[in-house]
Amino acid sequence: MSSLSSEANQDEPTDVVPFATEASASGAPYAQAPTAYDAILLAGFGGPEGQEDVIPFLRNVTRGRGIPDERLEEVAHHYRHFGGVSPINEHNRQLRQAIEDELTRRGIDVPIYWGNRNWAPYLEDTVKEAAAAGHTRLLGLATSAYSSYSSCRQYREDFARALVSTDLASTVRIDKIRQFFDAPGFVEPFVESVGQALQQLTEEGIPAGSIRVLFSTHSIPTDDARRSGPRDQDFGPGGAYAAQHEAVAEHIMQRLQSDGLISDGALPGWEVVYQSRSGPASQPWLEPDVCDRISQLPQESAQAVVIVPLGFLSDHMEVMWDLDEEAMEAAEEAGLRAIRTATPGVHPAFVRGVVDLIQERMDAVAPEKREHLTALGPWFDVCRPGCCENIRAGFKPAAAGVRP
Ligand SMILES: CC1=C(CCC(=O)O)c2cc3nc(cc4[nH]c(cc5[nH]c(cc1n2)c(C)c5CCC(=O)O)c(CCC(=O)O)c4C)C(CCC(=O)O)=C3C
Ligand SMILES: [Fe+2]
């Protein structure tokens, strides 16, 4: 590892240099000219694949962030419950294959590599492998749709770290596909699965007015939330992160209404809620918590709850444990009928949407011609100055952004 760690806590933002993209050199938020990317880099979170991986994996995730051991043990228990295996790596193998198939179908002759932030195959090794095969212009795709330190910038820092630790920073360029929270391919599977859930509950005789839809996403520290998105834009107290979730959830509910799946007479109430909080109790994180809200619903005369994992791409541990175990238990205790809807996974609409995003970037489609379903999009190709910065982590070099 080069000098990265010693640079990490300087006051001066080292930010993107020397990992600037062509677009960032001009300061433009969107790609200005088509780029002949020679490989796609699918960047996942990573997860353990056996009991012996659990603790080393958790140490990787929390490296340098002061998560107490108590909390690690608590989380380890969730993984141990499932044999120490997170399904997230298998999901990413399937997603990689599905994207490759769709690229082939469209005649786009570009290989797709997969690497993780926190477990093997590590991004470092993947970047080395791609470079050894002669690829020098990689288009990164992080498995995370929204803007925040954990869901965007940290992936960019990991790209930068991978380039520096492999000594490839001057020969390999990694750009990153824009955050895709409001891209049709990401939203469509949610519209479909929430629609199915509402239909099911209606068939069971539960009036729409007695159903609540909870759109659940990963909580983050309110400090991170406030700093999510470009430094010079105001998205309200929850920053771009909360605003993006609110906008997507609202779009889904409007779509269900316009598609006739919800009648005007008795609309289900809906809201965005947060899950999987960690960190010290003294540190404020985004609220309300999904389980807290579920236990309050009977007092609001709800009979049923639809839990929508809006913040997640696949049914990994945060979904399997925090929703399918804990939130479902909370619903049972509250006497509520509950349905947890599907994540996008390898839904054909999602896979097509991802390849649309790849094509859009390769062709440098003008922003006004890009598909987006909320007023917040289309999000930027090149992260803006100070985007999603994290003052706790300090400034670290990050690829695929503009100079501050
Ligand atoms: C916004 C966000 C996403 C969504 C975006 C994205 O998908 O990237 C996400 C995804 C995920 N988070 C995951 C797992 C963990 N996250 C942790 C900790 C944290 N997550 C945070 C935020 C997020 N996390 C934050 C602010 C922390 C606190 C510590 C820190 O500042 O980083 C910890 C440490 C223990 C704990 O504190 O709970 C673990 C084990 C897994 C893998 C699941 C599997 O293995 O199946 C996935 C996909
Ligand atoms: Fe997380």
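The backbone N, Cα and C atoms fix where each Cβ goes, and this holds for glycine too.
What TrEMBL lists as Fe-coproporphyrin III binding site is S86, Y155. DSSP assigns Y155 (Fe-coproporphyrin III binding site) to a helix. Within the same chain, residues at least six positions away from Y155 (Fe-coproporphyrin III binding site) with a Cβ under 8 Å of its Cβ are A43, R117, G140, A142, S144, K176.
Following the DSSP three-state reduction, the secondary structure of H218 (Fe(2+) binding site) is strand. What TrEMBL lists as Fe(2+) binding site is H218, E318.
Around H218 (Fe(2+) binding site), a 10 Å sphere centred on its CB holds 23 further CB atoms from the protein chains shown. Cα to Cα, E318 (Fe(2+) binding site) and S86 (Fe-coproporphyrin III binding site) are separated by 10 Å.
Secondary structure from DSSP puts E318 (Fe(2+) binding site) in a helix.
Note: the Cα of H218 (Fe(2+) binding site) and the Cα of S86 (Fe-coproporphyrin III binding site) are spaced 17 Å from each other. The number of other CB atoms found within 10 A of the CB of S86 (Fe-coproporphyrin III binding site), across every protein chain shown, is 25.
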